[in-house]
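**Q** Sharing a structure here in structure tokens format.
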């Protein structure tokens, strides 16, 4: 029994682990099923690890027992590990599922960013194409122009043509004998410094040659690019006739040729309100365009004029005291109160031109352009104004301060200081007419004086000849009479008494008596100089005869 029990014990011991092993295997299978249900991806990954333990129990009994004990311990730990792993494995699986939409969102954001970049590149390319340029009407000093040229480019299309500048200079510098090349050159250098005519003098020579060939100007003095020139008055009419003959469908008018881009700065200058400027700017403008007033040499004249205008109420002093500070124009309606004398006109044009910044509303611009430059169609002109404002804003010439689109207020981005001829052409025409009248009067006076001088020069020569002719006749006739009359009488005296020397002292006494006859010689003005000596000679001869008779009487008495 002992043996049976001893033999039976190991069997019993062996049977227990087998049962437990089968149970464990069953539990493993159940766990695998659970894994199959929950984690299909994990099964495929760990299938190589799970399959080998199934073949191991079939190899041998003892190995199975040892393995069963080991697996019992490992299975317990593996079960816990699997349970622990299932939780984090489920988490990444759940996390992996939402990663796909995130990737899709990222792809969409990337595509949107790329499209934005493309749009930015296109906009940059457009900005590069439309570069800011300096307009031709901008009034800049040499230093300001150099700075601006570094940042921007000069506008090539809107730059004024040399031919038009030349005709303007000839008209401005015109005098009696035409406009000299030196004066024309100075005018262009002073008014159009951007042309750099000091360095590029060939521009003026070429323009003179072209205009001479076209017949627009005429050379009065000199040859080539020197001398004086005059604008031909009928040249414009002939050019217009030729254009009318050539063109059959469209008729070109000067209003259509004028661009609104060139009109806008002057419109801003006239319409900007209120107009004000400092004393330094007024002085600079007056000294530049009114050299006759000599403000640089006599600044007190300008100061006194400004103070007088403030006292009269024609100007308002906003800042400063006395003649320093900022002055503002006062108006009665649309006309300024200041004006009349040359100094007042100079101050008026200086304040209107040097006012900065120059701003204007679109409504005022519309009104100004429709009144002064109506064109063929008013609606089309307004449309052109809208387009020019947009183009000028893109070029950087204008800036919109308020409003949007074609409404609000615009401002000039560059300084613009027009000359008095451009700002007030009517006054300049009046001044030119007055100057021409004065010149005509002076010319007429000079002609009259020259005619009088010529007549005086022509008349006196015959008088001088008449005066010169009679004296030689009287001289030629009178002297021989003297000699004939005087010669025989002295001959008689020595014949009567040759040896007596007493008569000479007695001859002196009658000479003394002849003194009262001296004033009688001075009195006759009409008598000639030749008659005077003859009369004196006769008087001298008479006393000599009386002396002789007295001597004879004395001799007789002695006898």
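Positions of Cβ are set from backbone N, Cα and C atoms, glycine also.
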**Q** If I go by Swiss-Prot, the feature motif 'PxVxL motif' sits on one of 251-255, 256-260, 261-265, 266-270. Which?
**A** 256-260
**Q** Limited to the domain 'H15 3' (339-414), I'd like the whole-number average of pLDDT.
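**A** Its mean pLDDT is 89.
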**Q** What are the DSSP helix/strand/coil residue counts across the domain 'H15 2' (256-331)?
**A** 42 helix, 13 strand, 21 coil
**Q** I'd like the per-state residue tally for the domain 'H15 3' (339-414) from DSSP, helix first, then strand, then coil.
**A** 42 helix, 12 strand, 22 coil
